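A.B. asks: Summarising the annotation, TrEMBL assigns domain 'MARVEL' to 17-149, 154-290. Here TrEMBL flags 20-41, 53-71, 91-112, 124-143, 185-212, 224-244, 264-284 as transmembrane segment.
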Amino acid sequence: VGELAGTMAMVTVNPRAVTSWVGIARLFAIVLSCLAFSLVASTRDFQDPYGTWCMFTWCFCFIVTLLVLVLELLELYPKLPLSWDDFTSAFSMLAALMVFTTSVVFPSTFITSPCSSSKCARQAVATTASCLCFLAYACEVGLTRAKPGDVSSFLSTVPGLLKVFEAYVACLIFSLLDSSNFKAGLQWCVAVYSICFIVTFLIIIFTIGRCLTYMPCPLEKMLVGYNALALVMYITATVLWPLYSFRGRNRPDPCNRDCWWSKHLGVTFLTIFNLIAYLVDLVYSTRMVFIRAP
């Protein structure tokens, strides 16, 4: 009992956790994500994979953001064995991407025209709340992003945020891959997506866990080398994926969002997005390592 009382006495309240601009953005994200999943839950129409994903996104972001806010309010986060700034930067970027995807997927899947029923109205309000929630997370990313010249956590810099983007886009690519027998060129593309995802994910995890400081080689130069290699690999995937996916194969008629043609087209665009991300990542990483400001 005495130890518990001592621990309770050591807990302090930091009001800036909820009064700063970052705290206000998090409060908005909590309220809006809660509103979104509550309205959708009231419609009882979210059982398919797309609805499950949307509900998971809103609930996951709500729970983690609430936990972050409580830990900062009570100043308990220094006791955690992780880099708190890296964790919050990575999570806010991930939440922004997840909520943005959900804000596009949910209305395109569940809202039909004309929208006249009370169920449809609740779905429309949930979509609006989800869009505003994305803006709240985007504001948090902008507020916590490291400014030029700042000494800050890696995942709050542009290359660090791009690492989260690259890993998330790779996850979207995996969700669109079907189980058909791929040709050799497509198998190479899948290998590119998998290798780059694993390495990028490990960089994020090791950064949050403060493990990268134990690397025996210069970390910054290693990241530049990895970005260059990943860029070359994605260039090959950008060329080979559409070449082997669509050559000699016509678009099915009808073709809904679940047919192979739509999925392969989605993978093509996501591959291009990640190619651009790795290019920008390489440019920023090179500038940070080799072109230092005086």
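Here the Cβ of each residue, glycine as well, is placed from N, Cα and C on the backbone.
Because TrEMBL annotations are produced automatically, they should be read as predictions rather than curated entries.
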A.B. asks: I'm checking region-level scores; what's the whole-number mean pLDDT for the domain 'MARVEL' (154-290)?
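C.D. replies: Averaged over the domain 'MARVEL' (154-290), the predicted model reaches a pLDDT of 86.
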A.B. asks: Quickly jot the same-chain residues contacting the transmembrane segment (91-112) by Cβ under 8 Å, restricted to those at least six beyond its ends, or write none.
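C.D. replies: Contacts with the transmembrane segment (91-112): 29, 33, 40, 45-46, 48, 50-51, 53-54, 57-58, 60-61, 64-65, 68, 120, 123-124, 126-127, 130-131, 133-134, 137-138, 140-141, 144, 155, 161, 164-165, 168, 172.
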A.B. asks: Please report, as numbers and ranges, the same-chain residues at least 6 past the borders of the transmembrane segment (20-41) whose CB is under 8 Å from any CB of it.
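C.D. replies: Sequence-distant neighbours of the transmembrane segment (20-41): 51, 54-55, 58-59, 61-62, 65-66, 68-69, 72, 95, 99, 106, 122-123, 125-127, 129-130, 132-133, 136-137, 139-140, 143-144.
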